[in-house]
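Below is the structure I would like to discuss, written out as structure tokens.
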Amino acid sequence: AATAATAATAATAATAATAATAATAATAATA
């Protein structure tokens, strides 16, 4: 259970990082 929770947390963090990177790229492209 702990391993699954850790994996889910890591996946969520990776998704958030990807979204942040995409937002940054979009902002840079707009600017």
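Yeah, the Cβs are placed from backbone N, Cα and C, and that goes for glycine too.
Reproduced below are the annotations present in Swiss-Prot:
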type	residues	note
CARBOHYD	T3	O-linked glycosylation site
CARBOHYD	T6	O-linked glycosylation site
CARBOHYD	T9	O-linked glycosylation site
CARBOHYD	T12	O-linked glycosylation site
CARBOHYD	T15	O-linked glycosylation site
CARBOHYD	T18	O-linked glycosylation site
CARBOHYD	T21	O-linked glycosylation site
CARBOHYD	T24	O-linked glycosylation site
CARBOHYD	T27	O-linked glycosylation site
CARBOHYD	T30	O-linked glycosylation site
Express the distance between the Cα positions of T9 (O-linked glycosylation site) and T24 (O-linked glycosylation site) as a whole number of Å.
22
If you compare CA-to-CA distances from T6 (O-linked glycosylation site) to each of the glycosylation sites T15, T18, T30, which comes out shortest?
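With Cα distances computed to T6 (O-linked glycosylation site), the winner among T15, T18, T30 is T15.
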Between T21 (O-linked glycosylation site) and T15 (O-linked glycosylation site), how many Å separate their Cα atoms?
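It is 10 Å, counting Cα to Cα.
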List the Cα distance (Å, whole number) between T12 (O-linked glycosylation site) and T18 (O-linked glycosylation site).
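Between the Cα atoms of T12 (O-linked glycosylation site) and T18 (O-linked glycosylation site), the distance comes to 10 Å.
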Inside 10 Å of the Cβ of T30 (O-linked glycosylation site), count up the other Cβ atoms and send me the figure.
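A 10 Å sphere around the Cβ of T30 (O-linked glycosylation site) contains 6 other Cβ atoms.
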Spatially speaking, which of the glycosylation sites T3, T15, T18, T24 is closest to T30 (O-linked glycosylation site)? Use C-alpha to C-alpha, please.
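The smallest Cα gap between T30 (O-linked glycosylation site) and any of the glycosylation sites is with T24.
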How many Å separate the Cα atoms of T18 (O-linked glycosylation site) and T3 (O-linked glycosylation site)?
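Distance (Cα to Cα, whole Å): 22 Å.
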Can you tell which of the glycosylation sites (T3, T9, T12, T24) has the fewest other C-beta atoms within 10 angstroms of its C-beta?
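Fewest other Cβ atoms within 10 Å, among the glycosylation sites T3, T9, T12, T24, is found for T3.
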Between the Cα atoms of T3 (O-linked glycosylation site) and T15 (O-linked glycosylation site), find the distance and write it as a whole number of Å.
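A Cα-Cα distance of 18 Å.
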